[in-house]
Amino acid sequence: MQTTANHSSRSTQTGTRAHGAALAETTSREDFRALATEHRVVPVIRKVLADSETPLSAYRKLAANRPGTFLLESAENGRSWSRWSFIGAGAPSALTVRDNAAAWLGTAPEGAPSGGDPLDALRATLDLLKTEAMAGLPPLSSGLVGFFAYDMVRRLERLPELAVDDLGLPDMLLLLATDIAAVDHHEGTITLIANAVNWNGTDERVDWAYDDAVARLDVMTKALGQPLTSAVATFSRPAPDHRAQRTMEEYTEIVDKLVGDIEAGEAFQVVPSQRFEMDTAADPLDVYRILRVTNPSPYMYLLNIPDADGGLDFSIVGSSPEALVTVKDGRATTHPIAGTRWRGATEEEDVLLEKELLADEKERAEHLMLVDLGRNDLGRVCRPGTVRVDDYSHIERYSHVMHLVSTVTGELAEDKTALDAVTACFPAGTLSGAPKVRAMELIEEVEKTRRGLYGGVVGYLDFAGNADFAIAIRTALMRNGTAYVQAGGGVVADSNGPYEYTEAANKARAVLNAIAAAATLAEP
């Protein structure tokens, strides 16, 4: 996820103890024993020079598309790449939902709850593994990485159940990320991290945990040293052969119905959507390769979601421009995005389009509504008087579009956590509408199928109390030879059905085009 944190480098003396709760370039047994007395999750690290590796080559060597692995990257404002890329090379377990209750896949941490409400189990797991932040580590060194589906909101709000659950996705799945490689683009290094999680604290158990972590580091180091077959490939850009869930006429009927609801005072804005499906033999990694070139965004991700037997259930490939919420050191931040123009062909055209967007009263009114919604969401979990709006309604340029963006921040209340901030903001107002609950009720009346991943979030909660979640848009779910992409847009009183249909199709196009192009990759 957002990978811009500027962490200072540490001593390069192997085995030396840095000041406080910090780690040197390599974790010694003595360092580990000292940290194990105070921490439930202890990272064992090894920093290696890897200036000839790319995030993709490192991912291919360390993760190789195995179930339970991931790749997270970030391109700031769709242009320059951020400092860090993160590769999840191993996850012994995942917290998910089965039979409407929390369940662990794989080997759960000792003492972790199972059964009951999934959010309660998640909260208890984060509390069980809570660990003081350690200086000198990359922004993501351990935690739970995965997704919340849009339909997780049914555990937060009472909604009608009218849409068909045809994909049967779990409401959430979060990988226990124990083995991580953090690629530092500034230094040309990779920090390999093997976490020891929740042992009983005896000397024998601590030594075993250290030896096990070092063995995993050895495996990762050896894998990085292996040569790869060439990743050079030719490709073409065919038009995607996809199926839309609804025709323009059917979608226009939905828009007209919602406009009537808005005129009747039911809501100010509602965000309907529709799904696009595409048969494909493309590798999810190849889709990611194309997408990161054609549509670089602040949140780029590839996750391979395991099933109950340890096989691959589905993959998530996305390039999202928008965060739901981030929490860092007790400060929660959300970035409402509303108001869009396509990028111009020249700088002069971009400037003219920016002026047009800033002068559009309708776009500015919708943006203000979502900023107010963000303030209200954070106000539920932040200390009174700390919620504020910064950089109100400024332009941010991305690879293909520009948006009106604001920043809303607040200090978490003492009795609130990063998970509380996520649930307070969930789902995003930009994907539901305002007032949020009534808008979701109206969405349930008009959409045929449950949204699943679309409008949910992809990201992580770490064990030091931080979180970073992107809204799951510009995202494909790939399962058993079919890719599912969903898109929509905000409907207000003067919305036009054919325009909204075209707008949804345009938003889905970047991902559909990437899938079509990925299927043509071939060795030259």
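Cβ atoms are placed via backbone N, Cα and C, with glycine included.
Look at Swiss-Prot and you will find 1-25 tagged as region 'Disordered'.
Under the heading compositional bias 'Polar residues', Swiss-Prot lists 1-16.
Around the Cβ of Y299 (L-tryptophan binding site), the number of neighbouring Cβ atoms within 10 Å comes to 29. Feature annotation from Swiss-Prot assigns L-tryptophan binding site to S74, P298, Y299, M300; the stated evidence is similarity to another entry.
Of all the Cβ atoms in the protein chains shown, 20 others lie within 10 Å of the Cβ of G489 (chorismate binding site). Secondary structure from DSSP puts G489 (chorismate binding site) in coil. What Swiss-Prot lists as chorismate binding site is G339, T340, Y454, R474, G488, G489, G490.
The annotation Mg(2+) binding site is assigned in Swiss-Prot to E366, E503. Of all the Cβ atoms in the protein chains shown, 21 others lie within 10 Å of the Cβ of E366 (Mg(2+) binding site). DSSP gives E366 (Mg(2+) binding site) a helix state.
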CB neighbours within 10 A of T340 (chorismate binding site), counting all protein chains shown, number 17
E503 (Mg(2+) binding site) has how many other Cβ neighbours within 10 Å of its own Cβ?
17
Do you know offhand how many angstrom separate G490 (chorismate binding site) and S74 (L-tryptophan binding site) by C-alpha?
26
For chorismate, with binding residues G339, T340, Y454, R474, G488, G489, G490 per the record, max Cα distance (Å, no decimals) returned as 20
Measuring Cα to Cα, tell me the gap between G489 (chorismate binding site) and P298 (L-tryptophan binding site) in whole angstrom.
20
Return only the integer: C-alpha distance in Å from G488 (chorismate binding site) to E366 (Mg(2+) binding site).
15
Using only the residues recorded as binding L-tryptophan (S74, P298, Y299, M300), report the maximum Cα-Cα distance in Å, whole number please.
7
Between T340 (chorismate binding site) and P298 (L-tryptophan binding site), the C-alpha gap once rounded to whole angstrom
16
